[in-house]
Structure formats: structure tokens, C-alpha cells
Amino acid sequence: MQIATWNVNSLKVRLPQLLDWLSRDPVDVVCLQETKLVDAKFPIDALAQAGYAAAYSGQPTYNGVAILTRRETVGEPSDVAIGNPLLEDPQQRLISATVAGVRVISAYFPNGQSVDSDKYVYKLGWIDRLLEWLQPQLADGAPLALLGDFNIAPEDRDVHDPAAWAGQVLVSEPERERFRALEALGLVDAFRLFEQPEKFYTWWDYRQMAFRRNMGLRIDHILVTGALRGRVRECRIEREMRKREQPSDHAPVVVRID
DNA sequence: ATGGCCCGTAGAACGGGA
């Protein structure tokens, strides 16, 4: 089974690329972020034609998350939950569902804008509430995967120019502390389970020809519980998706598990 | 050089992204 995450930066714009990708590589579960679609405009019909069911939660203009499941292999998402009950939040950033015995969470962490911004305070609080909400879910050791755009580069090796980024939003110590707090709950960064090439990132700015120059950050992640860790066979970043015409600024990340 | 580009909502610029 393959589980993927992709910040699409508008599902309306990226739908043809998503369908083309899934037709070539029929990933079983796809977590999406930044769909930027109200629920009434979610492309359920086009996805159904491609063989996928969907759980989704959107709003106008901003945010929006979804979980797609390939009907033929993993069926429909069950026990769908939207948001975090510990946080009253109009921003649609979190959706969970059970798929093939795995609790799957698609998360779009706040960006934070800058460390002196109100949005940064919101980001840290959002993650703190996420930690509180996750802790009891992880207690029973059941298989769970937290996937999404974390908007955190956990270590300097996840940053193309650590000196230039030092202390800034996405790499600041309070954000990295919270990433480590997720790991302390028993979650493991699937990408780091394997030997990986250096300078592998998941996001590149649209400006400055950043992708061509590989000026990127690794901020999209797949974290798995101990119950899944031993089943993970591969974790890869689909860099090819960033090379396409009219790409998302994020590349998908995929895990293959037994 | 503190912007560059892309997206949605607009129906011109602007907020937001990272």
C-alpha cells in the first residue's frame, strides 16, 4: 500500500496533474492540503471516475484538506473526523479517516508568516493543541500516520541555506521543538528511516528559479507510529511533479508500506 | 537589493503563501 501527501496549492488548478499522476502511479491513499475549495466545488465526480473516494473539508480561498482513497484497493475512508476538538478553528487544516486499518491524518500546519507575527503565535498554539489531541490517540499503539505540510524544516540538513534561514519562520527553534515533541509521542519521520541523498526538499519558492537552483526546504512530512514503522519499505519525494508546467510549489511525498 | 511568483477573489490590487 502507498500513502502520499501533497500540498496542491489549489486543487482546481492542480486536478489534471493529480489525475495524471494517479493514473501513472495509483497511490492508495492521498492526503491533500491547500485545496482552496468549498465543499460544494470539491471534484468528487472526476475523482470517482479515476477510482477514488474522498473525505474533504474546505472553505473559500484558503486552506482546505482532503483524504482520497483508491476504492479498488482500500475502499472508502471511514470514521471521518474534521478538525481538532481541542481547538475552535474556522481554518480548515485537519481531517482524519481510517483506511485499511490505518488512522490517517491530513494536516496543513499554519505557515506562521514570520516569528514576530500573530500568525506565528497561532501556529505554535495550533501545534500544541495537535500534540494534546494526538497523545491519547497514540497510547494504544495502533497504526497511525500523520501526513501533510508541517511548515517546519526539522533540521538544518532540510534547509538549502541554513545560515540565511537561521531563526526564521519554518526553521525557528520553537517550531523545531514542537516537531521533536511529535517524535517524542512515538511518531517517526518516515523519510529518515532510510538513507537519503543530501539536499532533498519538498518545497521550492516560485521565485528566483528556486527549483532549478534547488533552493528548497523539506517541510512536507509523513510521520508514522511504531506499529507502522516496521512495515515502511520506502519513502520518496516526487520531485518530477515540481518540474511540470504550472506546478504546485510543493512536491508530493509517498510512503510504501507492507 | 527584504522583492522576485502563484493563487483566489476580484473585475484592480491585495492578502497569503513559505
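Using N, Cα and C of the backbone, Cβ positions are placed for all residues, glycine too.
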May I ask you to find which of A:GLU34, A:GLU173, A:GLU177, A:GLU183 TrEMBL records for the Mg(2+) site already listed with A:ASN7, A:ASP149, A:ASN151, A:ASP249, A:HIS250?
A:GLU34
Under a criterion of Cβ-Cβ distance under 8 Å and sequence separation of at least 6, what residues of the same chain contact A:ASN7 (Mg(2+) binding site)?
A:LEU32, A:GLN33, A:GLU34, A:TYR108, A:GLY148, A:ASP149, A:TRP203, A:ASP220, A:SER248, A:ASP249, A:HIS250
With a radius of 8 angstroms around the mean position of the C-beta atoms of A:ASN7, A:GLU34, A:ASP149, A:ASN151, A:ASP249, A:HIS250, what other residues of the same chain does the Mg(2+) site pick up?
A:ASN9, A:GLN33, A:TYR108, A:TRP203, A:ILE219, A:ASP220, A:SER248
Let me know the most crowded of the binding-site residues, choosing from A:GLU34, A:ASP249 and counting other Cβ atoms within 10 Å.
A:GLU34
